[in-house]
Each structure stands twice: as structure tokens, then as C-alpha cells.
Amino acid sequence: MLRFLAPRLLSLQGRTARYSSAAALPSPILNPDIPYNQLFINNEWQDAVSKKTFPTVNPTTGEVIGHVAEGDRADVDRAVKAAREAFRLGSPWRRMDASERGRLLNCLADLVERDRVYLASLETLDNGKPFQESYALDLDEVIKVYRYFAGWADKWHGKTIPMDGQHFCFTRHEPIGVCGQIIPWNFPLVMQGWKLAPALATGNTVVMKVAEQTPLSALYLASLIKEAGFPPGVVNIITGYGPTAGAAIAQHMDVDKVAFTGSTEVGHLIQKAAGDSNLKRVTLELGGKSPSIVLADADMEHAVEQCHEALFFNMGQCCCAGSRTFVEESIYNEFLERTVEKAKQRKVGNPFELDTQQGPQVDKEQFERVLGYIQLGQKEGAKLLCGGERFGERGFFIKPTVFGGVQDDMRIAKEEIFGPVQPLFKFKKMEEVIERANTTRYGLAAAVFTRDLDKAMYFTQALQAGTVWVNTYNIVTCHTPFGGFKESGNGRELGEDGLKAYTEVKTVTIKVPQKNS
């Protein structure tokens, strides 16, 4: 989804500036062992009921890494049953002190930190993202998000209300119950943490379906959940496909809430399934076509760099990617030249090499989808300025691609490509670019680059997006809410707002013989 709070990490001079040099990063494990390939239900490793398995593929080579259990509806039923039992009144989990839930989450964070190199290596192997980003960005965020919500566990509570009459009134923030969670493949461990941490901090139990493209790191984290001491049934991890296992979670009558991160198209299906079943609570973090707007007074070098990383970070596989770059007419030509040169300099290659900036797309389907959009952009009349083809002969690599002369009615201007393709647009006036930026079904993020504070503040109010960045991009921390307007989803993850999605507010009113202030 995004680049976390490490704004200098991906700078021109040092992509590993949080460490003194690339040499300061630990060496990756090039062939990590794969100890877990079964479903994790009730703190036990189990085969799928059907005994089916499916392959997980190394996108760097296109070769099969191994096979994992293919869970489906029957396995979801088993997992939901375990989660419901763990959530019953009087269970060890329900009777556990909130501070103890926080201690378990902190313990989990410690275990992730202990195994950080292994987990980062596993993420790079299965997902294809550069190891230095897996280690320095993703794992850093994972550890922080578990610790952040651990701190909230005994601080998220109700309040007393001075209501009229002879009554004493207070509210309780209670866990919703069994939470179904469906996570994507672009940030497997991060998305797992974004969803697990607030759910567990507030006392829920979880049935999680992980992406079929990237199951390995999530399964290993399940082993750490057991090692940390979470009771059986509190967390259950299912590997399988969306139309079977994912749909079973969304439709399940004994799942109280579903949280999904992924495409807007699937988000519609999740919302419908929730409505057609038991009206379960729904949180959706979906797609985007986010604008980056560069005004003529912007710091040119900085804006070029930020807009480049806004799009190309994580191989363009971010829902909040800055996938529409609007540049004021008077600086458009210079910005375009610098942007093309920067894209040509981006190092594509083996993600285990510490100076690699761009790895492969996650799988063959995404690889072909992105190449299809590149061909479509050329057919529609956009000018291909660099890239536009595969890189190398093995794996799913695509050269960084920049289009100029893009028009708003082109499909590459309207649809989420989810790959390393940067379309550039020209604009003349502020009101014009605001209208064009907002003319989209999406509303996840936006950015504006300017030295004029008044203009910056005006844009932050005018842009229809859940997050607006000024003179930066992709800066997200566990402390700040993240989510979208319009068809980019509903609800928020992270921060204090992220806790609201996992609790019900109960009002308790007691008649008293006499009320005194």
C-alpha cells in the first residue's frame, strides 16, 4: 500500500539512510526454510479438509517455492467455530485483563523483531519486493504497529454520562466478536499487523484469509502468535483463494465483522455478502487513482523525487500510489525530462541485492495486466517516454514506464494499473486541476507540492481524499488514521480511529434512588 515513515530511506543519496549505509543492513537469507504450509486453526497446524494444496511462486524466477494448504468453506467453518469458542463468555481470552492482552501483543512484537531478518527474507522470496525495503520499512512498521496497539489495550474504554433524571449512565467499549479479515499480497506482514493488532487489542477473535500469492510470512507469524502465548482459537489463519475461502468468510453467519483490503471490485462483493448474510460490520480499504499535483513554485528536484517514489515504490503495487501526476504548464517540460531520466536510472533486478530499487511484479497475472495497460496507453495516444516492456527474460519484471501527453478520458488515466507506470498530465489553473483530480471514483490519497502555504491549505480542503500530503508522499505511521473517500472504501485503519472499527459501544443506564453531582 504505502511507504512508511522513513522519508529519507528512498532518497537519491541513500535508500538505506535509516542505517548508515547499505552495508549496515544485515545479509538476507537467500534460501529461507519453509517450516509451515498448513492451516493454523485453534493453535494447531492442520491440513485442509479437502487435502488440496496450491503452489506459491517466487516472482523473481517464476519457479514454485512450495505448496500450501488450500482452505475453503469447510475450513473456514472450522476456524470460525474455534474463534467463537475462544470468544465465549468466561473463556480465558474474555476473562483476560486488558493489560495482559497488551503484554501478549508486545511479546509478539519482540518475537517479530527477533526473527526480523528471516521474515524480511521470506517476504522478499514470496513477494519479490527488495530485501532492504522488506527489512527496513515493512518489518519496522510491523513491529511498531503491534507495540502501538499493545499500548492501547488498557486505554480504550467508555465513560460516564451525566444524563437527566435519577439515573447513573456509563458506556462500555466491547469487542465485536469473531472478526473475519482478508488481506492482500502487496504488503503481507504489514497488512496482517494492521488488522490483527487493533482486533486483538480490543479483545476480538480472528479468522484471517491471507493472499494466495504470498502466504508464507503470514503462516510463520502464526507460529509466533502461538509462541507469544495467545490462547487457542484467538487467531486462525487460512490460506486459500478469494472466491472460496474469502467468500466463505464474508458470507458466514457467525462472523460478526469483516475487514478487507484489496480491489474496489472485490470490495463491492464483500459489502454485498455482508448485507445478504447477517449485516456484519464492514471495513474496506480499497483501490485508488491518487493525484500528485505539482505547482510551478514547487522545489523541482524534491517534487520529481517524491512523485517518482509515489508511483514506483513497491513496483507500483500500492493502493495509494500517486498514479496521476499533474504538473503546472510552465514547468511541465522540465519536470517531464527530469522524471524520465529518474525512471531510466531506477535499478531493476534481483530483490535480494541491497542496491536493487525495483523487483518483479507479484505474479504472472499482474505482470500481464500491467503490460496490457502499457499497450492500451500507446493505443489510446499517450506518448511512451521510457520503459514499456519487460525487463530480463526470467521472472515478472517490468521496466519503469513513463507516459506523457495523457488525457483524462484515457483508461490509463482512470483505472488502477497497480504497476510501475507513471502517467503525466499538464494543467493551467488551480481550480481546473482540483476539479480534474476529484473527477474519479476513488478518494484514497492525494498530494500537492508548493512553497505557498496558503495554496497548500486550500488544496488540503478541496481534494476529496482520506489522506492529503503536502510536499511529501506515502508518509503513514501507526498513529494516524488511514482510509478512503468514495469507492476507496469505508472506515479507517490505524490510530485511535482504527480501534473504533473493532468495538461496539454499549450504553448502560441504572436507576438510582438519589443522584448527586
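Cβ coordinates come from backbone N, Cα and C, glycine included.
Going by Swiss-Prot, these are the annotated features:
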ACT_SITE  Glu285  active site, proton acceptor
ACT_SITE  Cys319  active site, nucleophile
BINDING   Gly262, Ser263, Thr264, Glu265, Val266, Gly267  NAD(+) binding site
MOD_RES   Lys52  N6-acetyllysine
MOD_RES   Lys81  N6-succinyllysine
MOD_RES   Lys364  N6-succinyllysine
MOD_RES   Lys364  N6-acetyllysine
MOD_RES   Lys383  N6-succinyllysine
MOD_RES   Lys399  N6-succinyllysine
MOD_RES   Lys399  N6-acetyllysine
MOD_RES   Lys414  N6-succinyllysine
MOD_RES   Lys414  N6-acetyllysine
MOD_RES   Lys426  N6-acetyllysine
MOD_RES   Lys426  N6-succinyllysine
MOD_RES   Lys429  N6-acetyllysine
SITE      Asn186  site 'Transition state stabilizer'
TRANSIT   1-17  transit peptide
Legend entry - Between Lys426 (N6-acetyllysine) and Glu285 (active site, proton acceptor), the C-alpha gap once rounded to whole angstrom: 29
Legend entry - Spatially closest candidate among Lys52, Lys81, Glu285, Lys399, the listed recorded positions, to Ser263 (NAD(+) binding site) (Cα to Cα): Glu285
Inset, instruction - Note down the number of other Cβ atoms within 10 Å of the Cβ of Lys426 (N6-acetyllysine), including every protein chain shown. - result: 19
Legend entry - DSSP-derived structure type at Lys81 (N6-succinyllysine), helix or strand or else coil: helix
Legend entry - Cβ packing number for Lys52 (N6-acetyllysine), 10 Å threshold: 13
Inset, instruction - To the nearest whole angstrom, state the Cα distance for the pair Glu265 (NAD(+) binding site) and Lys81 (N6-succinyllysine). - result: 29
Inset, instruction - Using C-alpha positions only, work out which of the recorded positions Lys81, Val266, Cys319, Lys383 is nearest to Glu285 (active site, proton acceptor). - result: Cys319
Legend entry - Close recorded positions near Asn186 (site 'Transition state stabilizer'), where close means Cα within 10 Å, chosen from Val266, Gly267, Cys319: Cys319
Legend entry - Other CB atoms within 10 A, centred on Lys429 (N6-acetyllysine): 10
